Amino acid sequence: MVKFSKELEAQLIPEWKDAFVNYWQLKKLVKRIKLSQTPNPPPPSSAAAAFISSLAGKFRRLPSDHHLSQVKKKKKNDSFEDGDPNEHHETELSQFFSEEDEVKIFFETLDEELEKVNEFYGSRESEFMERGDSLREQLGILLEFKRILEDRRRKISPSASFSRSSSTFSPRHSSFSENTESNETSAEVSETDEAIAALEKHGVTFINAAVRGKTKKGNKPMMALRVDIPATTPARTISAVMGMLWEDLINNPKKDVSGDSISRKKIQWAEKMIRGAFVELYKGLGLLKTFSWLNMKAFVANQKASASYLQGVKKSAFISSDKVVRLMDEVESIFTKHFANDDRKKAMKYLRPQQPKDSHMTTFFVGLFTGCFVSLFIVYATLAHLSGVFSGPNEVSYMDVVYPVFSMFALLSLHMFMYGCNLFTWKQARINYNFIFEFQSSTALKYRDAFLICTTTMTAVVGALVIHLILGLSGFSPVQVDYIPGLLLLIFVVLLICPFDVFYRPTRYYFLRVFRNTVFSPFYKVLLVDSFLADQLTSQITLLRLMESAICYFTAGSFGMRRGEVCKSGTLYWELAYLSSFLPYYWRAMQCARRWFDDNDLDHLANLGKYASAMVAAGARLTYSRQDTHFWFIIVLVTSFVATVYQLYWDFAKDWGILNPKSRNPWLRDELILKRKGIYYLSIVLNVILRVAWVESVLQLHKLHIRNIESKMLDFLLASLEVIRRGHWNFYRLENEQLNNVGKYRAVKTVPLPFLDADSDG
């Protein structure tokens, strides 16, 4: 049987851990009481049970529950009357055992923990109840909008009658012309009043709603309601603009008859937002239910001897309240009826998505492909050594064809391996990366899947290397053999965009969407996953340069151009080199600019400066590689030093949240997920060393007295070290984000609601 402490640790909600009962502290207090009592210890069945059993006689003499609650209230009121509301109030339990200090401390702590749990549960319950009420109103407004639009489509033909009726309702305002005929105006007023009255049933208020008369200009008063679709993407921005056009078309129907199609689009956006809000509400209610159940077990575990105490605990709000359960049932009913076409099974797929079980087949294939990769690599190394492709006249041509493509895949696979290690360590440390990145738990990549992708890719790459080498040694035409790396690259691209549900399609498409958001950073609202991917790309500049070389090689060959001139030293080569070196930093800088625009936080501008300094350093390095002069060497040295110091400071102080000299953990932070502080100090040193190694690759000092192949291999090694550094950085970045969520008790997303009062924006 699993101990309750292990069960509590396994099921505890990480973001709410500070609100849970401190079960381990209470166990320590019980042990201290045990040691302070008689030398004859009770049987070692359970420390808590033995202690409370020994006090069973004392508990029988406790006063009634009613008297106990009255004493609690009196003590609490006395503390406020004395002018110190923060003074801890003692209960009858702590007064009863006042002669025994350890027992008194235990019951005082127990009382504090019970009050803490009750207070947190009450605040979260009230928050979810308010959210539920708001969603009911939002759903009612949505249904009224849909009914009005449906009535229009059913009753009005696409003629002048459509134009007359379509002007009767607008989410912002309705205007009526004094010049229309009297019967037409009265019909419009009647229908408008009907729509307004229907919406007011659901809590929608309008400016001057009590007075439905005309204004001085003869128009109806403006209604204080708007449909708010957040402009987080270009599509939503366009939708907001089209919404304005829609309102104009509704109010001036003679201009166009296409307003109805625009209104349907806007209603679909609103429906999607409300559906997502219901899903998050249901998730939060489920977490609160788990919170209640775990704390109840913690309080009543092994305390059967204290009937009076158990009765008091069971009357607490976090146990006795049934509001959460009733609201969960109501959400299930609403979601099934309005968002799942009365299909409960379909509704439960949204509300309770099933976690995919780990497959042993995945582990088997990881081991299989790892063995295949190692074997094929040994075969390749042996054949390459015996054939002498890395020496003699074949060295340059072989490295031009093979090195860019296969090094690119190797770096990509290494990054995927590091990501798999991140997923494993985040899971072990109970860092909720699915919530932080807003992944769907049913389709999110797991660490075994990441390792499978990595080993499969490397097996295919090394297998292609072996085939390329064997065919080249067998007398095949070099032109034909050289298409093997290009074919491998083409297969990878096709597989990445493949529309069929194979090879992790949800993950592939999610990656493509995030990459699109990164490329068009200023036009999309920046989420953490977007900035996270952009940070990964800043560590893969070598990969982008290799991709540029590979594409240039195959493109130049197809068009009959001289590959040596175009892909090594031509004007186009240097232009692409500057572009590929700048792009990741530019994308990340634009994300910082967008976040500053959205949040008005100067830290984002400071972060933008970091990436701007990195761009300056990268440009200086490329210029130095073209103009090997002492002046440019000094420029490279200065810019690289400034950029590296800037990056190190931001790594530690902002991204990791450490370097706090006043922390109780010297130069770290107050809250640490890892138990051994030495790991953090070691990680600081390792991050500095790997950053300096990156600077060494920047200066290109290693290319002074070594051959071309050795230079390329050393470039690849240093690029691999930067990928490893980024994987190491990833863990602490998400650890800091997790602790920020814990500090703010963020366990579910807050989905914006579409229907807002116009005067709520201030």
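Numbers here mean position along the shown chain, with the first residue as 1.
Cβ from N, Cα, C; glycine included.
Taken together, the residues in the domain 'SPX' (2-320) have a mean pLDDT of 64 on the 0 to 100 scale. Per TrEMBL, the feature domain 'SPX' maps to 2-320.
Annotation source TrEMBL lists region 'Disordered' at 67-94 (among others).
What TrEMBL lists as compositional bias 'Low complexity' is 160-189.
Feature annotation from TrEMBL assigns region 'Disordered' to 160-192 (among others).
Feature annotation from TrEMBL assigns transmembrane segment to 361-381 (among others). Beyond the ends of the transmembrane segment (361-381), by six or more residues, the same chain brings 448-449, 451-452, 455-456, 458-459, 462-463, 465-466, 469 to within a C-beta distance below 8 angstroms of the stretch.
According to TrEMBL, the feature transmembrane segment maps to 401-421 (among others).
Sequence-distant contacts of the transmembrane segment (450-471), counting only residues of its own chain at least 6 positions beyond either end whose CB sits under 8 Å from a CB of the stretch, comprise 362, 365-366, 369-370, 372-373, 376-377, 379-380, 383-384, 387, 389, 402, 406, 409-410, 412-414, 416-417, 419-420, 423, 480-481, 484-485, 488, 504. Look at TrEMBL and you will find 450-471 (among others) tagged as transmembrane segment.
Residues 401-402, 404-406, 409, 445, 449, 453, 460-461, 464, 467-468, 471, 512, 550, 554 of the same chain lie 6+ residues outside the transmembrane segment (483-504) yet bring a C-beta within less than 8 angstroms of a C-beta in it. If you look up TrEMBL, you'll see 483-504 (among others) marked as transmembrane segment.
Under the heading domain 'EXS', TrEMBL lists 568-762.
For 631-650 (among others), the entry in TrEMBL reads transmembrane segment.
Summarising the annotation, TrEMBL assigns transmembrane segment to 678-699 (among others).
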